[in-house]
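Visitor: I am attaching a structure below and will ask some questions about it afterwards.
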């Protein structure tokens, strides 16, 4: 066999002549070659067409670069280093993008999946991080190795990840569930602490075979599904293999050994077809994606190109490259959409379809399985050497299923067939996703915002308030924990991060804004327990964890309560004494709808105020959950529906806003908060669904509106106003009732309720006018019964009289008389009860008073009846004038005349004087007489009936 020499060029200088692990990788179009060395902190991008030209140098690491990976579309370059960091660059420009993650020890291996949406990173800390390259989030950490992980490789079909450590143990992981399917101990050489040689492994391009360096200076092939040994490649290597790689079409393999030679193998024939001797050990190789060449680099940092690796008489290494997603029969295992979903997008999708149910036969076993290299298997058996543990087939049941399939006897219930929807992951309201190299919001609410920007291994956090005049100025802080969630209120802020580090710790930290004591900031560590959501209240801090624990801390850091929840948390929010949680009540329904439950706790009292199902739009997910400025619970889902919790109907959620009816086709609304009648949001132009920190988001106010049907009156705005007023009035009256029962002052709420009743009456009068104009007289009659004030009812009578509807005016008048009689009867019953509680005997009266007592009682009763709603009108005289357009003066004059007529005997002049003084004397009379307290302000009978 003719021996040819490969010209080597120096790419990285080794200090003191030491050997180092060096890396080399081609881009997709074979236009660039990237090299790195564990003794050099820089990366070099070479032009293979101009080898004499100076390479582009990237200097961003602080120590040697130990791993390289290029995304399949060659737009993103990843590098891992002894400095514990993984960095991303734009390619081929080389612009630095971000630090995507950090480890506690040096990085040893990196790998992108076939779609470039996942990056696996591993190193000396024995864990493997699966990172979402879209937002930089860590989807999962795989633990199982007992030594430094030196090799990771994604299965081209997107189902498995294979990893190899320095002890020679191979683990095959299932990506969907994160489970370890096969653990093959000691099947590869033990490289110890020599990191100039690292164990590697590699999947065949069709994803059927996993190649691992063997213990006999050979390469051992394992089946993708069962991990059973298929065959070996044994040739002229006289020392262990330190690197191997498949050709693009999977027909050939290149292996490099500690014996300083490279062998080229014809895999189907299982024999070497060429070899090359080198002066130093070759530690990394990469087949040229286009053409017949192999890039190599040795432990001294010199690289070269081996051209025409495969003889021209044989098939080119880039000919007939296999397609992923097909089995040997050419049948698609997934349709195009499913295939994309299985390997692309966010890593948060990992974990789907891992419920342990039967999976359809995804095994790519070839028909030649039973005839593969029997001579190799017999060879090991004859020598009596058991180098490869016998592994029970992970999917042997697929064989029997396949046989049944041929007979038509199997009905699948697999997730691959039903495509079961995953339960929504936990989120923090007001937070935006991670964007590499950009600031993002950890929290954004009606009070202010918390932003973070990732730097080299740490983050910079800033807290800003919308009202800078009245809010404290909070200095920025350096975050060494990598916080991913936060909550903010007037008193302080709380931060938390996911599990990280060797001990898999999650950190919770509270930072008060002002305190009388020094060192008031505190933090808690949770080992193996990850914080999923945080919330703040008036004097407490809450964290919900992956163990479904609700942990309550005082403002000073004392651990107060630990409560077990009955479902995984979705989100949490705090308001004064109240903490609201949303959890999963069960798995998703067959209709793919989320099943969520909300709970409301009063933390100081240690009570649960509310609990029930949280309604969301079918097919949607929860996007925001919290409290209005008035303290009402509210939720916002991905379909743009805002719901408000009200006590009406035993506790119900009212839909008070729908983005579908409101928004333009090119807009998305990002929820911030709401007050009594306005939704506060940030309008984002599609396709953006959340705002950037810069430029500063602009808050937009949107009117709340029920999703009403199109009315035959054409007065949807008035009907919406009526329903809104009714909902708010009910809540105010409910709160007043609770405060009165607790013995608290309700005067402020009483004023609010009166103003709202007056506004509601004006709205009803306009609706009555619309009904009369549309000849909906029955509806007008229903509306007049809902008026709260007597003068509003008189105004309605005047209105229909003006519209020349005498029958309706008569109907309204009879309704008014019935109400006056009911109020009169109620007042009489109240007076009798008061008199019976303090009886006065005739013997205790003066002689002249015995005969006059009934007359006085009758007179007083007559005076009050004629002034049924007077306290309300006097209290808010200007408001009533605006309702009835000046009718108040006429009504007051008529009532004064009636008072004079009811006077009799020796007291008539006195009564007349009292009534002529009008507002002040009558208001004083009402307040001083406890027997008339119930008539202080007439309330809406419709609302009272609802409360009962």
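Each residue, glycine too, has its Cβ placed from N, Cα and C.
Curation does not apply to TrEMBL; its annotations are automatic.
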Visitor: Looking at 340-370, 371-401, 402-432, 433-463, I want to know which stretch TrEMBL calls region 'Disordered'.
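Guide: Checked against TrEMBL: region 'Disordered' maps to 340-370.
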Visitor: State the residue range annotated as region 'Disordered' by TrEMBL; the candidates are 786-824, 825-863.
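Guide: That would be 825-863, the stretch labelled region 'Disordered' in TrEMBL.
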Visitor: Taking only the residues in the domain 'WDHD1 first WD40' (23-304), give me the average pLDDT of this model.
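Guide: A mean pLDDT of 92 is what the predicted model shows over the domain 'WDHD1 first WD40' (23-304).
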Visitor: Quick check on the repeat 'WD' (58-99): DSSP residue counts for helix, strand, coil, in that order please.
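Guide: Summed over the repeat 'WD' (58-99), the classes give 0 helix, 24 strand, 18 coil.
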